[in-house]
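Trainee: Before we start, here is the structure in question, set down as structure tokens.
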Protein chains: 2
Amino acid sequence: MRATDSTGDGFAGHVFADPGLLEQALTHRSAGAPHNERLEFLGDAVLGLVVAEALYARWPKADEGSLTRARAELVRESALAAVARRLEVGERLVLGPGEMKSGGHRRDSILSDALEAVIGAIYLDAGFEACRRVVLSLFEDAVSAVPASKVGKDAKTRLQEWLQARQKPLPQYELQAEAGEEHARVFVVRCVLSDPEAAAEGEGGSRRAAEQAAAAGVLELLGAAE
Amino acid sequence: MRATDSTGDGFAGHVFADPGLLEQALTHRSAGAPHNERLEFLGDAVLGLVVAEALYARWPKADEGSLTRARAELVRESALAAVARRLEVGERLVLGPGEMKSGGHRRDSILSDALEAVIGAIYLDAGFEACRRVVLSLFEDAVSAVPASKVGKDAKTRLQEWLQARQKPLPQYELQAEAGEEHARVFVVRCVLSDPEAAAEGEGGSRRAAEQAAAAGVLELLGAAE
């Protein structure tokens with residue numbers, strides 16, 4: 001993204017039909033109303049959806065927990081601030097004199113909020129699809145760069161790696177029950193660790209699914225689900 | 001919403017081009033893959049945006065904090081479960097035998113997740129605008145019913161009401177500083193409570209804006225920001 005894409009009534013290639021929206025999005029609350037906080041609320045939601053969908057499409061096997069964690073990482077304050085710096089948002093921000101003196105235009109929180117506000121402004125200016133294209137242009141590299149280790153791996157694999165990294169013994173998966181008719185079989189598996197001591201049960205329509213559920217349960221106990 | 005809107009390949013008035021998406025959205029993980037957890041991740045984001053925009057439009061004066069709290073209330077698990085019950089989601093859910101026996105189709109968490117998954121499925125099936133219309137039809141009454149006391153009031157008003165409800169003395173607003181050129185004035189105001197003892201400073205481009213910021217700071221100290 002070249003800085004030339006983001007001058008005057010334009011931002012990241014989008015030219016505003018209503019330049020007042022862009023102006024508001026770039027106005028910090030310290031400079032008085034109308035400032036960008038409401039637009040930030042809206043933009044945060046747009047960004048959340050666009051990144052959610054991009055991850056959903058990019059990682060067809062990733063479970064919900066992995067997708068949630070990957071998204072949180074992509075839209076965390078420092079990541080958004082980095083995008084905002086690339087777009088030279090700081091140079092265009094309108095701040096109150098106090099914030100200006102204390103270097104507010106370089107602060108992660110202010111830059112990240114302003115970027116979200118601009119996304120909200122583009123959404124209001126041009127609708128979801130146009131805004132989605134802009135957001136994807138800003139975030140698709142980051143989405144593509146999410147390592148498979150974060151989202152591509154199932155719970156059993158992640159549990160195994162967690163244990164190996166700590167030179168701990170591998171888990172035991174014990175079939176606890178198997179019931180139901182042929183077409184609606186249910187399996188209950190218990191995943192047991194000896195060190196650290198932990199165990200959880202999982203249920204599923206196949207033995208493998210039940211093992212995955214049990215491993216996910218143990219990962220949660222370990223606080224290693226992330 | 002009549003139950004007849006939600007039979008076969010239809011849900012809340014939307015008829016699926018790809019009925020497999022609806023089927024997946026109504027399949028709990030206990031019934032095996034493909035289940036609805038990934039769709040729930042997507043639907044949660046769609047719902048978040050649609051409700052955010054509806055609140056943004058409905059309450060043009062509400063600040064970001066109020067909007068955030070109002071949305072959290074509208075999309076909390078029990079509220080979503082109530083919508084899911086209205087649409088008879090429980091009757092259509094596919095659960096594993098274990099969840100079936102333990103009454104999973106009546107559980108708030110399972111119903112709420114399934115509703116989000118169906119919203120995600122409609123988004124994939126028909127795009128944002130179509131999904132937005134369905135979500136609004138389900139939530140517009142709830143959005144309209146958000147009381148003004150939650151979102152319509154500014155921080156000074158909310159602080160005053162909080163104190164009056166507890167028969168406490170009203171706050172003092174003290175101008176601490178006033179600086180800057182004519183066109184870029186900055187005000188610093190301190191909001192002071194005597195009982196409970198609390199104080200916070202706020203800054204703004206007008207005295208009133210600085211007072212609002214200071215009151216918001218005190219509300220946060222009181223844990224009464226919600």
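Note that Cβ sites are derived from N, Cα and C of the backbone, with glycine treated the same way.
Predicted automatically and left uncurated, TrEMBL annotations should be read as such.
Below are the features I grabbed from TrEMBL:
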type: DOMAIN; residues: B:13-127; note: domain 'RNase III'
type: BINDING; residues: B:Glu40, B:Asp113, B:Glu116; note: Mg(2+) binding site
type: ACT_SITE; residues: B:Asp44; note: active site
type: ACT_SITE; residues: B:Glu116; note: active site
type: DOMAIN; residues: B:154-224; note: domain 'DRBM'
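Describe the structural context of these features.
Mentor: Across the domain 'RNase III' (B:13-127), the prediction's mean pLDDT works out to 94.
Taking all protein chains in view, 23 other C-beta atoms sit within 10 angstroms of the C-beta of B:Glu40 (Mg(2+) binding site).
Residues within less than 8 Å, Cβ to Cβ, of B:Asp44 (active site) and separated from it by at least 6 positions along the same chain comprise B:Glu116, B:Gly120.
Counted within 10 Å of its Cβ, the other Cβ atoms near B:Glu116 (Mg(2+) binding site) come to 27, all protein chains included.
Broken down by DSSP into helix, strand and coil, the domain 'DRBM' (B:154-224) contains 30 helix, 25 strand, 16 coil.
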Trainee: DSSP-wise, what's the residue breakdown of the domain 'RNase III' (B:13-127) into helix, strand and coil?
Mentor: 84 helix, 4 strand, 27 coil
Trainee: Can you list which of the binding-site residues B:Glu40, B:Asp113, B:Glu116 come closer than 8 Å to chain A, going by CB to CB distance?
Mentor: B:Glu40
Trainee: Return the residues near B:Asp113 (Mg(2+) binding site) by Cβ distance under 8 Å, restricted to its own chain and a separation of at least 6 in sequence.
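Mentor: Correct list: B:His28, B:Asn36, B:Glu37, B:Glu40.
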Trainee: Determine which residues of this chain, when B:Glu40, B:Asp113, B:Glu116 are set aside, have a Cβ within 8 Å of the centroid of the Mg(2+) site's Cβ atoms, and list them as they appear in the sequence.
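Mentor: In sequence order, the nearby non-listed residues are B:Asn36, B:Glu37, B:Leu39, B:Phe41, B:Gly43, B:Asp44, B:Ser112, B:Ala114, B:Leu115, B:Ala117, B:Gly120.
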